[in-house]
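A.B. asks: For reference, the structure I am asking about is given below.
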Amino acid sequence: MSIARLHEQKLVQHVVSQNCDGLHLRSGLPRTAISELHGNMYIEVCTACTPNREYVRVFDVTERTALHRHQTGRACHKCGAQLRDTIVHFGERGTLGQPLNWEAATQAASKADTILCLGSSLKVLKKYPRLWCMTKPPSRRPKLYIVNLQWTPKDDWAALKLHGKCDDVMQLLMDELGLEIPPYSRWQDPIFSLATPLRAGEEGSHTRKSLCREEPPPGDRGAPLSSAPVLGGWFGRGCTKRTKRKKVT
């Protein structure tokens, strides 16, 4: 929510995310200002349509997908082709325009004067030279600030490395700038206005619980972004990792 406010104040131009949880989108950031390099668990696409047809859902679409297996079990409403998730697993190369949005990320990096890295180990992102403007001489590259409790491969390149928790650092930054962190409101969550409802017969195509829009608190004048009905439920667990099997000796 701090980042959403900083973008609103034109202090942040673009957000590059390795997360698949879609929280940057749900915070209110516009689609054009987000590059979700590893995909979004709430988005499935039809790659048979040109341009690719996108379906935002209110549930985790990755239930049936895995490495090199991306079909979700639902079909495109227009052409009938199988839909696929947008997740980029380790060892895969993401080719989708959205939500990866590589073009916008590269363009934003080329114009940036500052890059703030929050919480990322940078062990994967270090391999993306376009984000670090490596073709420019060091004096013309954006200043790099890193917030992480652990060592990262980019620490020696950073103008400042803060060994701290992201929430604590962002709270201090917002206080210094005199900006209030806006509260998250599920009533105004953009995912509900972006979402495409399931068609008749698709209700049983997943077992993940759906997000539910709550009623606005008393005195909240913010209008909902959509009046479309949404299935009940709660914020699902998302991309949960498998538990490691114990070795048998």
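Cβ atoms are placed via backbone N, Cα and C, with glycine included.
Look at TrEMBL and you will find 1-180 tagged as domain 'Deacetylase sirtuin-type'. What TrEMBL records for His38 is active site, proton acceptor. The annotation Zn(2+) binding site is assigned in TrEMBL to Cys46, Cys49, Cys76, Cys79. Here TrEMBL flags 199-229 as region 'Disordered'. The feature compositional bias 'Basic and acidic residues' is assigned by TrEMBL to 200-218.
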A.B. asks: Could you list the residues of the same chain, at least six apart in sequence, whose Cβ is under 8 A from the Cβ of His38 (active site, proton acceptor)?
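C.D. replies: Looking at Cβ-Cβ distances below 8 Å from His38 (active site, proton acceptor), excluding near sequence neighbours, one finds Ser17, Gln18, Asn19, Cys20, Ile87, Val88, Gly94.
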A.B. asks: Can you check which residue among the binding-site residues Cys46, Cys49, Cys76, Cys79 has the largest number of Cβ atoms within 10 Å of its own?
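C.D. replies: When each Cβ's neighbours within 10 Å are tallied, Cys46 tops the list.
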A.B. asks: Within the same chain, and leaving aside Cys46, Cys49, Cys76, Cys79, name every residue whose CB is within 8 angstroms of the centroid of the CB atoms belonging to the recorded Zn(2+) site, in sequence order.
C.D. replies: Thr47, Ala48, Asn52, Arg53, His77, Lys78, Gly80, Ala81, Leu83
A.B. asks: In this predicted model, what is the average pLDDT of the domain 'Deacetylase sirtuin-type' (1-180)?
C.D. replies: 94
